[in-house]
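Asker: Quick one: structure below, then a few questions.
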Amino acid sequence: MINNLQLDSLVPGKRPEETTVVVAMSGGVDSSVVAVLLHKMGYKVIGATMQLYSSPNASSGKSCCGNADIYDAKKVAASFGFPHYVLNYEEVFRKEVIEDFVNSYKAGETPIPCIKCNQTVKFRDMLKMARTIGGDVVATGHYVRRLEVEGELQIWSGKDKNKDQSYFLFSMTLEQLKFVRFPLGNLVKGDVRKIAQYLNIEVADKPDSQDICFVPKNYKKTLASLDPSAIKKGKIHHIDGSVLGEHDGIANFTVGQRKGLGIAYPYPLYVVALDPVKNTVIVGPSSSLVKTQLFLRDLNWLSKDQIPEHGLSASVRLRSSSSAVQATISRSAKDGKGRVVLHEGCVVSPGQACVIYDNERLLGGGWILNQVRYSETA
């Protein structure tokens, strides 16, 4: 198991005892195993945990980066004798992640704050801190593979397909990738737990984090407390234009939703679109959910080979848990937005990430635009 770790020459030309590794420790089993193994192999390990959101109600036991997680990370570091620091990023997290979360829902989108956190706090601010204190590299517990192919750094899906986290890293830059290592990429979760148990790491049996750290139970209540203006009543329209009822705020709905509409109708209705300009929830039959085209903003590209003018054939994932589908990707020379033509119809949720792959290699991705809004401004 341990031989499968991506640990060969974390920094080419430097021995472990000459190499300072800042390990991003969440307090969970994955990053703890990374930190302890590197420490035992002779690397100069510095554990670092981000303090993102202080609230007695924020940590449900299934979220990350709460006070209990900080305590767990510090306890692991103390047990094995390497330094650990807590990084207070609450202010930047509030501005970059929480406010974006609220604004996305108000714009009729369904956001993914964990990717925003990776994009800003973790792989921007934390890497800057690591360089400041003399770190040679940063290591994390993500289940992805970092490969160098013909001199080009690439991200590939993790060996454990059930835990692969490449979807959440599409917004990384190549400059960041030079500085980051993913030692667990060739392992499966079960083996990582066995390593943790073998090494007597105290969090070996700790459950995986699942919830959003600042949304303990009910995101609707969280939205209302963060920004009451996000909850504004409006009309529910059928796709044929008829008014079917009222809603209590478009932020309470997401594309594809069926439950909670409060409308009696001859056939099941689903949310097919959200119009933030008109404050309207648009519903229709399940067949109206299926899309074959979508547009992307903030398209990030991780390959030296750019998207050709005639388009690129690749596979895309529209949710972290969804299977890949074939598509043709192109990029507007005018505004840089991505255009994705799906080879088969899918349910598309604005605000989610469309992540692009060449088999198991991560090529890049972008944020799915709300086509109701985009069509008005395009």
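For all residues, glycine too, the Cβ spot is worked out from N, Cα and C.
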Asker: Please identify which of M41, M50 is recorded by Swiss-Prot as part of the ATP site containing A24, M25, S26, G27, G28, V29, D30, S31, G141.
Answerer: M50
Asker: Would you identify the secondary structure of S26 (ATP binding site) according to DSSP, in three states?
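Answerer: The three-state answer is coil.
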Asker: Between the Cα atoms of C213 (active site, cysteine persulfide intermediate) and C117 (active site, nucleophile), what distance do you get, rounded to the nearest Å?
Answerer: 11
Asker: Please report the number of other Cβ atoms within 10 Å of the Cβ of S26 (ATP binding site).
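Answerer: Neighbour count, Cβ to Cβ under the 10 Å cut-off: 23.
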Asker: Among A24, M25, S26, G27, G28, V29, D30, S31, M50, G141, listed as contacts of ATP, what is the widest Cα spread in Å, to the nearest whole number?
Answerer: 16
Asker: Quick check for the class: what is the C-alpha distance, in angstrom and rounded, between H142 (site 'Interaction with tRNA') and D30 (ATP binding site)?
Answerer: 8
Asker: May I ask for the distance between D30 (ATP binding site) and C117 (active site, nucleophile), taken between their Cα atoms and rounded to an integer number of Å?
Answerer: 18
